[in-house]
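Participant: When I checked TrEMBL for this same protein, it listed these features:
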type: SIGNAL; residues: 1-34; note: signal peptide
type: DOMAIN; residues: 77-95; note: domain 'Trimeric autotransporter adhesin YadA-like head'
type: DOMAIN; residues: 131-156; note: domain 'Trimeric autotransporter adhesin YadA-like head'
type: COMPBIAS; residues: 181-196; note: compositional bias 'Polar residues'
type: REGION; residues: 181-223; note: region 'Disordered'
type: DOMAIN; residues: 187-212; note: domain 'Trimeric autotransporter adhesin YadA-like head'
type: COMPBIAS; residues: 204-214; note: compositional bias 'Polar residues'
type: DOMAIN; residues: 215-240; note: domain 'Trimeric autotransporter adhesin YadA-like head'
type: DOMAIN; residues: 271-297; note: domain 'Trimeric autotransporter adhesin YadA-like head'
type: DOMAIN; residues: 299-323; note: domain 'Trimeric autotransporter adhesin YadA-like head'
type: DOMAIN; residues: 327-350; note: domain 'Trimeric autotransporter adhesin YadA-like head'
type: DOMAIN; residues: 355-379; note: domain 'Trimeric autotransporter adhesin YadA-like head'
type: DOMAIN; residues: 397-423; note: domain 'Trimeric autotransporter adhesin YadA-like head'
type: DOMAIN; residues: 425-451; note: domain 'Trimeric autotransporter adhesin YadA-like head'
type: DOMAIN; residues: 492-521; note: domain 'Trimeric autotransporter adhesin YadA-like stalk'
type: DOMAIN; residues: 561-617; note: domain 'Trimeric autotransporter adhesin YadA-like C-terminal membrane anchor'
Amino acid sequence: MKTKSSNSKKSVKFGGLTFLASTLLVLNAQSSFAAVQVFGNSNTLIPGTTGAVVGGHFNKIGGKYSLIFGEYNDVQGMGSIATGLNNNVTGDNSIGYGNLNIVEGKYARAIGMNNSASGNYSNAYGADNLASAENSSAFGINNHATDIGAQAVGSENYATANLASAIGSFNVAEAANSSAFGSSNKASGGQSTAIGNHNEAYGNGSSAIGTENKASNDDATAIGGHNEAADEYSTAVGYFNKAQGQWSSALGSANSAIGFASSALGHSSSALGQQSTAVGYKSIATTDGSTAIGSESEAIGESSLAIGNKSIAYGDESSAVGFKNEASGYHSTAFGHNNIANTNSTTAVGVDNKASGAQASALGYQNNASGLMSTALGGANIASGFASSAQGYSNSAEGQQSNAIGYQNTASGDYSTALGSESEATEEGALAAGNQAKSTVANGVALGSFSEADREVASADDVYMKESKEVKASIMGDLGAVSVGNATATRQIINLAAGTKDTDAVNIAQLKALSNKTDSRFEKMDQRFEKMDQRINKLDKHTQAVAAEAMATASLVPSTTAGKGNLSLGVGTQYGETGYAIGVSYRTAKGGMTYNLIGAGNSQGRFGAGASVNFHW
């Protein structure tokens, strides 16, 4: 039924709205719509409507106690309000303000143009918004809040899940309790958050905040710009970072954390192994448990540690700490500046040191420990022998188990030791201690400055009084000599204790006591030597006489003519003594045999004779 109103006006206040309305003059006082106030033309009242107020034209009202102001509005909900043009309000206690709004839910609101609030307690404000679920809200332009408690605010946002929020422009929050704030963000995981520009949070509880970040797994976090957190509980913060391992973290710019629980911080760093850590510029931790901290540092071995600029730890459980250090052996350590520990269990600490022998150590400056288990400590030392040690400055320990300690000492023999300054121990077991001391024979000992031990091991034949039983028992000189000086410079050994064993040295006090004890014995010995001289002199005369007799005998000539005999006489002299001889010789007629008979004597009254037979053929 359509009614017409007069031009009378009055002020009306209803539901918080104040408006100026014409005083309703009901043309038909008997009409059943006497309780409805209508202002305007061509309005339609649904039978049974009571307590309503209509102001405008071509409106349709069927809701009790409802209000309409404008044109072509339709209100069917009880206690609802429609103002504007072409609004449709069917929910109770709801409001539609503006143009072409649809309000279907109870206690819903659609304000603006072409909005739809179809869920109970829903709100759609702006233009082309949709709030279709209970307690949902869509504010702005072309927003969609389609699940319970969803919020879509801004421009072309979609909040399509329970308690989801999409605020800004072109955002999508499509999982329960998800949030997408900013521009072109997408929150697809439950309780996920995407804030900023073109971010994606796919995993449950994930967060992508900034610009073009991606959190694609549960509880992943990507914050900054162009970051990716790909696995569970991963974190990528900064720019162009990738956290692809579970519990991994990439913070800074262009970092990659690939392994489980790995961490990459700085710029262009990579943590590839499980529980690995790379911190700095272009640092790399490639294996499980490895750590690289510093610019261009590399931790290649398992559980290795590289700290500092360009330090590299290649070996498993190796450590390179400082600047440009290299620890390439298993369990090796390089600490300081430009050190190298490149064999198993080696240690190089300081500046420019190198430990290349297994279990070797080089500590200080420019030391080189190349022997197995060798040690070079100080500056510019070389330990090349097995278990050798060079300590101080510019020392060289070349023999196995050799030691060179001090300044420019050389221990080249096995088991040798050179101590002091410019000392040399060149043979096996040699010891040179002191300034420019030299031990050049096996087991030789040179003690003191300029001392030289160059005497070979003494043989038993060279020992004085070697026939003595006591001396013979003490001849064991196979360990070389001890020198405390040299051929042109000698040295006293002072404060020497008295010797107690056969092989001990004796001091002056012992020699004095020995001298006093032997003086009387030497006097008796002199007397005996005088008697012995007399006997020797007598024996000498006999000897000279015998020699003269021999010369006389040698001068005899045998017969050389067959069938002839021969008599020969000979005389000889020797140191005052005279010898003489006579010989008779006969050769047979056929010349086959010669018979000789000789008699001789000398000036000492000694005589002798001899005979011989010669056969000829």
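Cβ atoms are placed via backbone N, Cα and C, with glycine included.
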Participant: When you scan the chain for residues with a C-beta under 8 Å from the domain 'Trimeric autotransporter adhesin YadA-like head' (299-323), skipping those not six or more beyond its ends, what do you find?
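Facilitator: For the domain 'Trimeric autotransporter adhesin YadA-like head' (299-323), the sequence-distant neighbours (Cβ-Cβ under 8 Å, at least 6 residues beyond its ends) are 273, 276, 278, 283-293, 329-339, 341, 344.
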Participant: Using DSSP, break the domain 'Trimeric autotransporter adhesin YadA-like head' (215-240) down into helix, strand and coil residues and give each count.
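Facilitator: DSSP composition of the domain 'Trimeric autotransporter adhesin YadA-like head' (215-240): 0 helix, 13 strand, 13 coil.
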Participant: Could you give the mean pLDDT over the domain 'Trimeric autotransporter adhesin YadA-like head' (131-156), rounded to a whole number?
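Facilitator: Per the prediction, mean pLDDT sits at 97 for the domain 'Trimeric autotransporter adhesin YadA-like head' (131-156).
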Participant: Excluding the flanking five residues on each side, which residues at least 6 beyond the ends of the domain 'Trimeric autotransporter adhesin YadA-like head' (131-156) place their CB within less than 8 Å of a CB in that stretch?
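Facilitator: Residues packing against the domain 'Trimeric autotransporter adhesin YadA-like head' (131-156) from afar: 105, 108, 110, 115-125, 162-171, 173, 176.
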Participant: Under 8 Å between C-beta atoms and at least six residues away from its ends: which parts of the chain pack against the domain 'Trimeric autotransporter adhesin YadA-like head' (77-95)?
Facilitator: 15, 17, 59, 63-71, 101-111, 117, 120
